[in-house]
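K.L.:
First, the structure itself, so that you have it in front of you.
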Amino acid sequence: MKTKLIAPSLLSADFGNLQRDIEMLNDSQADWLHIDVMDGRFVPNISFGFPVMKTIQKHAKKFMDVHLMIVEPEKYVEEFISHGADLVSVHYEACTHLHRTIHHIQSLGAKAGVVLNPSTPVLMLEDIIADVDLVLLMSVNPGFGGQKFIENTYKKIAETKDLILSNNSTALIQIDGGVNIDNASKLFDAGADVLVAGNAVFSAESPERMIELLKV
Ligand code: DX5
Ligand code: ZN
């Protein structure tokens, strides 16, 4: 069965009106809420931490999808889960002991995802694909919203799909970065299950309508 989920990224929300934007997403057809955490070390930008997570947890009614763009994510996964994360995704490039971290996340009752930067080959996942709940393929270099989609992502979706099938894995494929109305249906057709969209949703005249359009 094909999954077509949209995960708006709060990174592009209006932080002065965070409650309003979260409530808008609660009432929309958004499936997940994508939460981008950046530390200024793994990526050249800092987004937010636990005080903001508390506000998100208080108001969000959707599945909370936390994307950690931080070094040593294993130190913080427990705290993100206690702040409401339903899924925690960690970067392959940031984890020395990825297998341990993935199983630690799952042992705390959350789903676990692994993220690949655009330059990291899919074959690096060969020995972890059977363990993860989700593979997040970055389609921009992480750190900022509103960047241009990298076309090589289509090739990586096909490779990830093959890897999932040949290992009887149940992992979903998520795409993050530069997703918009021009590429969303192509990405679903190529095998993506979940699309993250920040700029496309929040710069739209009607974010709710844009979320609907991205699903078609
Ligand atoms: C980038 C983040 C993305 C970002 C996507 O580092 O991981 O989730 O918010 O934003 P858009 O959709 O604007 O490219
Ligand atoms: Zn993200």
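Cβ coordinates are placed from backbone N, Cα and C, and glycine is handled just like the others.
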K.L.:
Given that TrEMBL assigns Ser9, Gly143, Phe144, Gly145, Gly146, Asp176, Gly177, Gly178 to the substrate site, pick the one from His67, His91 that the record assigns to that site as well.
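P.N.:
Record check against TrEMBL: substrate site with Ser9, Gly143, Phe144, Gly145, Gly146, Asp176, Gly177, Gly178, extra candidate from His67, His91 is His67.
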K.L.:
Which of the binding-site residues Gly145, Asp176, Gly178 has its Cα nearest to the Cα of His67 (divalent metal cation binding site)?
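P.N.:
Comparing Cα positions, the closest of these binding-site residues turns out to be Asp176.
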K.L.:
How many other Cβ atoms sit within 10 Å of the Cβ of His67 (divalent metal cation binding site)?
P.N.:
28
K.L.:
Look up Gly178 (substrate binding site) in the DSSP assignment and report helix, strand or coil.
P.N.:
coil
K.L.:
Let me know the DSSP-derived helix, strand or coil state of Gly143 (substrate binding site), please.
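P.N.:
In the DSSP reduction, Gly143 (substrate binding site) maps to coil.
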K.L.:
Among the binding-site residues Ser9, Gly143, Gly145, Gly178, whose Cα is within 10 A of the Cα of His34 (divalent metal cation binding site)?
P.N.:
Ser9
